[in-house]
Number of protein chains: 2
Amino acid sequence: MRRALDEARQAAAEGEVPVGAIVVCGDRVIARAHNQTERLNDPTAHAEMLAITAATGAMGAKYLPECRLYVTVEPCVMCAGAIGWAQLGAVVYGAPDAKRGFTVYAPQAFHPRTEVRGGVMEAECAAEMTAFFRAKR
Amino acid sequence: MRRALDEARQAAAEGEVPVGAIVVCGDRVIARAHNQTERLNDPTAHAEMLAITAATGAMGAKYLPECRLYVTVEPCVMCAGAIGWAQLGAVVYGAPDAKRGFTVYAPQAFHPRTEVRGGVMEAECAAEMTAFFRAKR
């Protein structure tokens, strides 16, 4: 999650909502990404989406049951759907997102075998978001 | 929807699950796409995702409240989430998808102002899917 947080901070430095994600397979980080919706002018360019696209490219496979996704904020509906299609083995997220998070809006989006854990380094992940939006106001 | 069906048939010709999408703004088609998950080896490369990315690029805007998305099959959770982020003015789809469709798994994914209409040219859209999967077996 520390690596994902580094990505989130990179996003903030670029004026993007600070969400970072990495995909790990065994002990290897096979993809890392941060939110780029502003830079790419694309509302689909969330950290998780970019990381999944990169990871499937790196693995040469559409499904990633051996991989774990770490993301600093609870995935939204779109990203949860993508995680479902990619059949990730595990999803670990930091801060919850009561307004957009999948647990409220699409609780069944993941593959049934995907393990889910939230609240990992929650305070640090949430602090990035809070600082970003406070500075925007 | 006829244009979206053309895209779906193009997908089938390429060995892809036959889903096509277009984005219309006023009288102009500003984006067209078909499913490319196999070609791009990317489970996120659904017709709707590619069409939304193309449409936001064409419009130079992250939000598309003046635009309508036509897609041959009911959007999945991922695509519904993307439609929500892009705040499309309307979504028109053809065949329902009881197994993966957003109406079951993420019924609140769209922006509240997005108009939704399903079942448009449903028989033709469904026939593409049926023919594709029959040929696969």
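Placed from the backbone N, Cα and C atoms, the Cβ positions cover glycine too.
For A:1-105, the entry in TrEMBL reads domain 'CMP/dCMP-type deaminase'.
Taken from TrEMBL, the feature Zn(2+) binding site covers A:His46, A:Cys76, A:Cys79. Neighbour density for A:Cys79 (Zn(2+) binding site): within 10 A of its CB lie 34 other CB atoms from the protein chains shown.
Cβ environment of A:Glu48 (active site, proton donor): A:Val19, A:Ala21, A:Ala33, A:Leu69, A:Val71, A:Pro75, A:Cys79, A:Ala82, A:Ile83 lie under 8 Å away, each six or more residues apart in the same chain. A:Glu48 (active site, proton donor) falls within a helix when secondary structure is assigned with DSSP. Taken from TrEMBL, the feature active site, proton donor applies to A:Glu48.
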Might you list, by sequence position, any residue in that chain lying six or more from A:His46 (Zn(2+) binding site) with a Cβ less than 8 Å away from its Cβ?
A:Val19, A:Asn35, A:Thr37, A:Cys76, A:Met78, A:Cys79
Are any of the recorded positions A:Glu48, A:Cys76, A:Cys79 near chain B, where near means a Cβ under 8 Å from a Cβ there, and if so which?
A:Cys76, A:Cys79
